[in-house]
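This report refers to the structure that appears directly beneath it.
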Amino acid sequence: MSLDQLPPLRDVIASHDLGAKKSFGQHFLLDLNLTAKIARLAGDMSRDQAIEVGPGPGGLTRAILAEGAASLLAVEMDSRFLGALDEINVASGGRLTVEQGDALEVDETALLTGPGDKVILSNLPYNVGTQLLIKWLQAEPIWWRRAVLMFQREVADRVVAQPGDKAYGRLAVISQSRCQAHLALKIPARAFTPPPKVESAVVVLDPLPEAQQFKDVVALERITASAFGQRRKTLRRSLAQAAGQGGTSADALLEEAGLNAGDRAEVIDITGFQSLARAWRAAYDAGRA
């Protein structure tokens, strides 16, 4: 049996009794035209090791393999799907490996040891999508050449937002300090089974050249959590907590970064937050010298 001879996904769900679990944030994308579009966003995968989180019954899984990925590692917590995924593995000629476990705990680099670039493609579970993105952005060095990720539309907007946008915040600053990010596809709720209450969207992230990547993600997280946690306050007030953790004052950080203490976080560009993170790190390290 080949991939195009596999039974329709609805039949697979029925025969294996694979109803979606709300506790896992599961919403299945069954439209094979849409899954093919998503898989193609990864580009040529003929020499790549792909990874997918939360494959479920295997809609996107089939598309990734059909688009020619050299191999695919699927990380799935829900053991109910293992039988359906094994059928896909057989149909793909043994190119699929399934790792049962929590994707937040999995060390992908220990599992993806073969040749070729690594690429991430996932319809991310709604309840852990942001955490997984931060995990992958924190990796040093970034081990993947591209990530094609589906989020709730609200989260996708936050990843690609620009200064002044309503959605601009911590996620945009951290993502765009490490990658180029753009919104590639909008997916209506009706495309899923069961349909979620919100729309979804696919974001494509390409790591910036090594020299342009901001490395100190921990400092950037501290600064952005503080600044956007009180986004209606001026930076002088919103940065007070983070500054105290670094053993300095908000005014000192802002002066070092060349920023106006009366501004709010929403108008500060990516470079400005990186300057604040550098100033915070310098103060933090000096206090422990």
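In case you wondered, yes, glycine gets a Cβ from its N, Cα and C as well.
Keep in mind that this is a model prediction, so the values were computed, not measured.
Just so you know, the Cβ of H27 (S-adenosyl-L-methionine binding site) picks up 22 other Cβ atoms within 10 Å once every protein chain is counted. Here Swiss-Prot flags H27, L29, G54, E76, D102, N123 as S-adenosyl-L-methionine binding site.
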* Structure fact -> DSSP says H27 (S-adenosyl-L-methionine binding site), in three-state terms, is coil
